[in-house]
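**Student:** The structure that follows is given in the form of structure tokens.
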Amino acid sequence: METKVMGVVGSGQMGSGIAQLAAVVGIEVWLVDTDSSALNSATKSISNSIQRFVSRAQLSQEAGKDAMNRLKCTQDLEELRDADVIVEAIVESEDVKKKLFLELDRIAKVSAILASNTSSISITRLASATSRPRQVIGMHFFNPPPIMKLVEIVRGADTSNDTFTKVKALAERFGKSVVCSQDFPGFIVNRILMPMINEAFYALYTGVATKEDIDTGMKLGLNQKMGPLELADFIGLDVCLSIMKVLHSGLGDPKYSPCPLLVQYVDAGRLGRKRGIGVHSYGKEPEPVKSLARL
């Protein structure tokens, strides 16, 4: 059956973007967050994003208005009891996600699919917190969800073919291309991307080159839109560190050990664009952080 009602838990950039996608294609959406101010910000963000699509003639004014009317915000998880699919888009912590999945399993109707937007955490382990492991799946969107064309679908050990088929159809309804990964740490994209970003931090840490030259070299040499350090700032250094820890613990190979400089930046609160400062500065003066070459 086609998805008619969808829940999204977490109203940050990823959650609000996923909710927008659903509302635009005609799905009734409940966006859930414990923080009312975050919900207000998400509603404004979604409205502004939809208006940009309208101004570019990629969406009619009427369709944009209808999409906003299909969006409902709440702080109460119980509102998700009639959802056909619920997508979790909260903090990248296995313990926190498991607690949420336990609660969603209690609230959601028997037929509901529980999906996680996790970028690296085991779907099999998240599913183990529920009584419906066959209906748990990874649905990893990329930032920002309304723009990026890819959805990475991750099957847990017990994910059914029916669940996979329904979630793949939903992603394609959103206009996305789908790749499918087995449930290994980092899945496809982050298994390859994060070690590259981590190595860029090591290059900076050991004084191989400046941050500007590292980014310029990768942009012009490999025709990438962003250099790895700039991309890390865009993703969030805390997210990058979290994924590297998952890779390191899950695969047990020292080559996935997070660079000490990445750890130091996160400890200092230099998380990237969302904080105004990461490797690069975005309107905030950077505090000095020593590289190995200066020690």
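A Cβ is built for glycine as well, from the same backbone N, Cα and C atoms used for every other residue.
Keep in mind that what you see is a predicted model, and the values were worked out from it rather than measured.
Residues or ranges marked as domain '3-hydroxyacyl-CoA dehydrogenase NAD binding' by TrEMBL: 7-183. For Gly10, Ser11, Gly12, Gln13, Met14, Gly15, Asp33, Glu92, Lys97, Ser119, Asn143, Lys274, the entry in TrEMBL reads NAD(+) binding site. Here TrEMBL flags His140 as site 'Important for catalytic activity'. The feature domain '3-hydroxyacyl-CoA dehydrogenase C-terminal' is assigned by TrEMBL to 186-282.
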**Student:** What does the structure give for the C-alpha distance between His140 (site 'Important for catalytic activity') and Met14 (NAD(+) binding site)? Integer Å is fine.
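**Tutor:** Cα-Cα, rounded: 10 Å.
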**Student:** If you count Cβ atoms within 10 Å of the Cβ of His140 (site 'Important for catalytic activity'), leaving out that atom itself, what do you get?
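**Tutor:** His140 (site 'Important for catalytic activity') is surrounded by 24 other Cβ atoms within 10 Å.
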**Student:** From the DSSP assignment alone, can you count helix, strand and coil residues within the domain '3-hydroxyacyl-CoA dehydrogenase C-terminal' (186-282)?
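**Tutor:** In the domain '3-hydroxyacyl-CoA dehydrogenase C-terminal' (186-282), the DSSP-based counts are 66 helix, 3 strand, 28 coil.
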**Student:** On the 0 to 100 scale, where does the mean pLDDT of the domain '3-hydroxyacyl-CoA dehydrogenase C-terminal' (186-282) fall?
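**Tutor:** The answer is 97, the mean pLDDT of the model over that range.
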**Student:** Suppose we draw a 10 Å sphere around the Cβ of Lys97 (NAD(+) binding site). How many other Cβ atoms does it contain, all chains included?
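**Tutor:** That number is 21.
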**Student:** Counting other CB atoms within 10 A of each CB, which of the binding-site residues Gly10, Gly12 comes out lowest?
**Tutor:** Gly12
**Student:** Could you measure the widest C-alpha to C-alpha distance across Gly10, Ser11, Gly12, Gln13, Met14, Gly15, Asp33, Glu92, Lys97, Ser119, Asn143, Lys274, the residues recorded as binding NAD(+), and give it to a whole number of angstrom?
**Tutor:** 22
**Student:** Which entry in the list of binding-site residues, Met14, Asp33, Asn143, has its Cβ near the fewest other Cβ atoms, using 10 Å as the limit?
**Tutor:** Asn143
